[in-house]
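> I have a structure here, written as C-alpha cells, and I will follow up with some questions on it.
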Amino acid sequence: LARSRPIGELLAPTSPFDKKCGRENWTVAFAPDGSYFAWSQGHRIVKLVPWTKCFNNFLLHGTKNVANSVNTRLSRQNSDGCQKNKPCEHIIDCGDIVWSLAFGSSVPEKQSRCVNIEWHRFKFGQDQLLLATGLNNGRIKIWDVYTGKLLLNLMDHTEVVRDLTFAPDGSLILVSASRDKTLRVWDLKDDGNMMKVLRGHQNWVYGCAFSPDSSILCSVGASKAVFLWDMDKYSMIRKLEGHHNDVVACEFSPDGALLATASYDTRVYVWDPHIGVILMEFGHLFPAPTPIFAGGANDRWVRSVSFSYDGLHIASLADDKMVRFWSIEEDYPVQVAPLNNGLCCAFSTDGSVLAAGMHDGSVYFWATPKHVSSLQHLCRMVIRRVMPTSQVRNLPVPSKVVEFLSY
C-alpha cells in the first residue's frame, strides 16, 4: 500500500505550563481562491496564513521545524498594510474556544435574499474574503480576512456551533450547525440577518455542507442522522438511512452527484443524494462491526471526510492513527499516512495537498494521490454538474451510454 508523502507541518506554540485541554484543532480551512489557510490553534486562537508562501516554505525547508520558519518569513500582522494582492498573516483571538471555520467570498451580482433593504453597515464588494468562526458559546464571529478585523457577531444559537458552511455561489449565505439541534441560515449581505431556522434533528448537529450549485444542503448529526434540505424552499427533501452510529462529517463531490458521510460506525458511505442510495462503502474496521456493536468505542471511529477537487479521491481520518486516501473507483485505500490524534481534514483548493488538524493544535500536510482521470470520469463530471441522476437516466441515448455516465 502506497504511503502518502508528508510535506510539512504547522505547530501550535506551547508554553511550559500549557494545559492539554483546550488545545484541540477542531477545524482547518482553505480559502476558495487558495490565498489563505486557516486553523484553530486551540485556546480561542485562529491563525490565518498566506497559503502560497506557506507552501513554498515547505518546499524550501522540508517538513521539520516549519512553524518557526513560516513565522519568521511571513510578514507580521499589520492591519493596514494588507492588500488582496499581498496577503499577510493574522492571529485572531475569537474570545472563546473555536469549533468551526469557513471562508466565504462575495460575488456582487448575487443580491441579498432580503429585497427591501435600504441601508447596510457593510458593502460586500468584489474582493471581499470573509472568515466565519463558530464558538463554544454559540456565537458566530465574522472577520475580514485581509485586515483581521471583526465585522459581525451573530448571536442566536444556544450551544456550541459545531460546523459552518458558505453557499459556494458567492451570495454570502452562511449555514451554521449546532449542538442546540438546529441549523441556522444567515444572510451576510443583509448584515448577518438570520433568515431561517432548519429544524428536524432530534440531537446534536455535527456538520453541514452545500452542494456545488448551492441548491441542496446536507446536515449530519447524532442518532445516525443524514438530512438533505432544499435551500430554495428551506424544506427537508429526504433522510438518508444506513449509518449505525453518530454521523459526524459530510461533503459533496465537486460535480454534486455524490455525497460522502463519515460516522462513528467506522464507515464512510458514498451516496447518490438525488435518489438516496449508498453507492460505496469504505470500511475502517475488518470485519465491519455488526449494527449492535457499531455504537461502541472501537478505536476506528471516523472523524472527518473530505472530497478532492478532482472528484476521484476522498480522504478519511479515523481514530486508528491513520489518514486514508480512497479512489471512488476502488474499495480499498490507494494511499495511507500515519497520524496520531487527528480530528479534522480538508483538501487544498487545487486538491494537491491534504491538511489535517490535531489534538494538540497543530496541522500536518500531505501530498495527495496523483491520478490521470479516465474519459468516463471526465464525462461524468461534466454532465453531472448540470444534471441530477433522474435526468441522466431519462436521456434519449442508448442504455450503455447512460451506464457510462452513471456512478
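Every residue gets a Cβ built from N, Cα and C, even glycine.
Feature annotation from TrEMBL assigns domain 'SOCS box' to 365-407. TrEMBL lists 124-153, 154-196, 198-239, 240-272, 302-336 with the feature repeat 'WD'.
Have a look at these and tell me how they're positioned relative to everything else.
Same-chain residues lying 6 or more positions outside the domain 'SOCS box' (365-407) and placing a CB less than 8 Å from one of its CB atoms are 2, 4-10, 58, 212-213, 254-258, 272, 274-275, 279, 308, 310-313, 315, 323, 325, 327-329, 334-335, 337, 347, 351-356.
Sequence-distant contacts of the repeat 'WD' (124-153) (same chain, at least 6 residues past either end, Cβ-Cβ under 8 Å): 29, 31, 33, 35-36, 38, 40, 46, 48, 77, 79-80, 82-84, 87, 90-92, 94-108, 159-164, 166, 172, 174, 176, 178, 180, 186, 188-189, 191-192.
The residues of the repeat 'WD' (154-196), classed with DSSP into helix (H, G, I), strand (E, B) and coil, number 3 helix, 24 strand, 16 coil.
Predicted-model confidence for the repeat 'WD' (198-239) is 96, expressed as mean pLDDT.
With a cut-off of 8 Å between Cβ atoms, the residues of this chain six or more beyond the repeat 'WD' (240-272) that come close are 204, 206-213, 216, 218-228, 278-285, 288-289, 291, 294-295, 298, 300-307, 309-311, 314, 316, 318, 326, 328, 380-382, 384-385, 388-389, 407.
Here the repeat 'WD' (302-336) has Cβ contacts under 8 Å with residues 1-4, 248-255, 258, 260-264, 266-268, 270, 280-282, 284-285, 342-347, 349-351, 354, 356, 366, 368-369, 371, 373-374, 377, 381, 407 of the same chain, all six or more residues outside its ends.
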> Going by DSSP assignments with H, G and I as helix and E and B as strand, what are the residue counts for the repeat 'WD' (198-239)?
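Across the repeat 'WD' (198-239), DSSP assigns the residues as follows: 0 helix, 25 strand, 17 coil.
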